[in-house]
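Comments concern the structure below.
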Amino acid sequence: MTSEQNEPLLSDSIKKRCIISLDNTIEVCIGDFGWSQFVQVILVSLAWVFDAQQSFISVFTDALPTRHCTTNNNNNSSSCQMDKNICDLPTYTSIVSDWSLECSSSVITGLPASSFFIGCLVGGFVLCTLADSSFGRKNMLVISCLIMSITGCVTAISTNIWMYSVLRFICGFGRASIGTCSLVLSTELVGRKWRGQVGIISFVCFTFGFISLPWIAYLNKGNSWRVLYLWTCFPAVLYSIIVYFFVHESPRWLYLRGHKEEFVQTLKRIANPATRGELSSSFFQALFIDLEKNMSVSASRDLDLYSAVRLLIEKGWALRRLMTVVLIGFGVGMVYYGMPLGVGDLGFDIYLSITLNAISELPSSLIAFFLIGKMNRKGSLLGFSLLSGICSVGCALVEGSDGFKWFQMGLEMVSFFSACTAFNVLLIYTLELFPTCVRNCAVSMVRQSLVVGGALSPLLVALGRNNSLFSYGVFGVCSAIFGLFTVWLPETKGRLLCDTMDEEEHMLEQAQVVDLK
């Protein structure tokens, strides 16, 4: 604790410090991490569990049964031969067998999964700015969870592949902003000391959601694929209701939107019991006066529905930062999503390979959780991006050497582990690079760049089946080259969060003056 924090609670010196900025005020009121904040953070972060389950549920519901097509030369008709091992399971365990799509083209069988990710991309761009403008972080999280979960429940009554694909698109559309709203809201409910750790909790929840899905699917083995949707989506509906009634809105967003009383009440509920009695509207009067002074015509314009996107484009420094983190996210996304898809081409048992990749994601989150408070954002992101890229290229270069198969697998795991860690650091770094008024929008765009990188990876995996340089080689080069762009970003570790574009510009000007000296 600093000497200022050791002073009597809310003393005159601290009150003077509070009126300087919103960030300092929040640090004094909720800088310590108490039980109230812990409960809030856990409730908000649990959204990532349901997000992960819907992201990967098609692995089980859309599974291709082990059947093959044969052609009758006499009448040129096709028929499907079924492997005897699949006879142990009813036909309704997968949409493919349930709707007799075994001999359909890969375009048809892959349509639902493609529709889901297209929905994620569309939803990400349409919904990304709403949490910064009129809806807020909490309401947008609830709305997104409800769209995803209710659509998932309705998906269970789909009658054909077309209806199913449309519902998967809507599910992806709603799901697009869940992770972003959850991450931003949870980090804005705590002080800067705990910001990094709280962000990593979200990623740990995503990993647990991913790991829990195979267990749920195994328990559902032999039952209809429709039941799996109900098992994963109905709890998400209940979760949305709990969040609506028990989670607080971001105090930063409430302040910028002029909701003074809600802002005060939220801080009082989150603050330590010893502090709550001294918090009142009069205590924040100077802060509110400062807010009213800044709410000019131009400031009011910044609260329009899609003003966040406009602000990111109009401000040169913001656009440069956004393009940089988006490119880095694209490179990281190619490795993060591409590695598990291409690991089957390395000559190892596919189940063992996927299991090793899934297991390596958990320690990457745990390591980031314990080290994020000490990690330099800029250096960490650069280092993990380069390590991921180098190991991915190395994985392609040792292809074909039987004596190096385990070494190749080791390189693949190190590359995937580094990509997972870079993924975690990048999202924490992004929310610290941008002020409150555009933060959710910026983080959402970075997540979209990760998805775009992942969407291109299946094509590269297909091209690299005969030569890994077209898959792992390209993954590694993109990760390393785009990771180098990190050198143009400012360091944000331990820095106060800004709330408006003017505050960020002022801080940028101060940093430039220091550099000149």
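Every residue gets a Cβ built from N, Cα and C, even glycine.
Sequence annotations record features per position, and here TrEMBL assigns domain 'Major facilitator superfamily (MFS) profile' to 40-494.
Annotation comment: TrEMBL describes 107-128 (among others) as transmembrane segment.
Taken from TrEMBL, the feature transmembrane segment covers 140-161 (among others). When Cβ-Cβ distances below 8 Å are used as the criterion, the transmembrane segment (140-161) is approached by residues 44, 47, 50-51, 54, 95, 99, 101, 108, 111-112, 127, 130-131, 167-168, 170-171, 173-178, 181-182, 185, 226-227, 229-230, 232-234, 236-237, 239-240, 243-244, 247, 440 of the same chain, each at least six residues removed from its ends.
Tertiary neighbourhood of the transmembrane segment (167-186): same-chain residues 40-41, 44-45, 47-48, 50-51, 54-55, 58, 112-113, 115-124, 126-128, 130-131, 137-138, 140-141, 143-148, 151-152, 154-155, 158, 198-199, 201-202, 206, 247, 249-250, 427, 431, 439-440, 443-444, 447-448, selected by CB-CB distance under 8 Å and a gap of 6+ residues from either end. What TrEMBL lists as transmembrane segment is 167-186 (among others).
According to TrEMBL, the feature transmembrane segment maps to 198-216 (among others).
Counting residues 6+ beyond its ends, the transmembrane segment (228-247) has Cβ neighbours under 8 Å at 40, 43-44, 46-47, 50, 53-54, 57, 60-61, 138, 141-142, 145-146, 148-153, 155-156, 185, 213, 216-217, 220 in the same chain. The annotation transmembrane segment is assigned in TrEMBL to 228-247 (among others).
Residues or ranges marked as transmembrane segment in TrEMBL: 318-338 (among others). Residues of the same chain lying 6 or more positions beyond the ends of the transmembrane segment (318-338) and with a Cβ under 8 Å from any Cβ of it are 311-312, 381, 385, 388-389, 392, 415-416, 418-420, 422-423, 426, 429-430, 433-434, 438, 442, 445-447, 449-458, 460-461, 471, 474-476, 478-483, 485-486, 488-489, 501, 504.
The feature transmembrane segment is assigned by TrEMBL to 350-372 (among others).
Here the transmembrane segment (379-401) has long-range neighbours at 328, 331-332, 335, 339, 346, 407-408, 411-412, 414-416, 418-419, 421-422, 425-426, 429, 464, 467-469, 471-473, 475-484, 486-487, meaning same-chain residues at least 6 beyond its ends whose C-beta is under 8 angstroms from one of its own. Residues annotated as transmembrane segment in TrEMBL: 379-401 (among others).
As annotated by TrEMBL, transmembrane segment applies to 413-434 (among others).
Outside the transmembrane segment (469-489), and at least 6 residues removed from its termini, the chain residues within Cβ reach (under 8 Å) are 320-321, 324-325, 327-328, 330-332, 334-335, 338-339, 342, 345, 378, 381-382, 384-386, 388-397, 412, 415, 419, 422, 429, 433, 453, 457, 460-461, 463. TrEMBL lists 469-489 (among others) with the feature transmembrane segment.
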_Averaging the per-residue pLDDT over the domain 'Major facilitator superfamily (MFS) profile' (40-494), what integer do you get?_
81
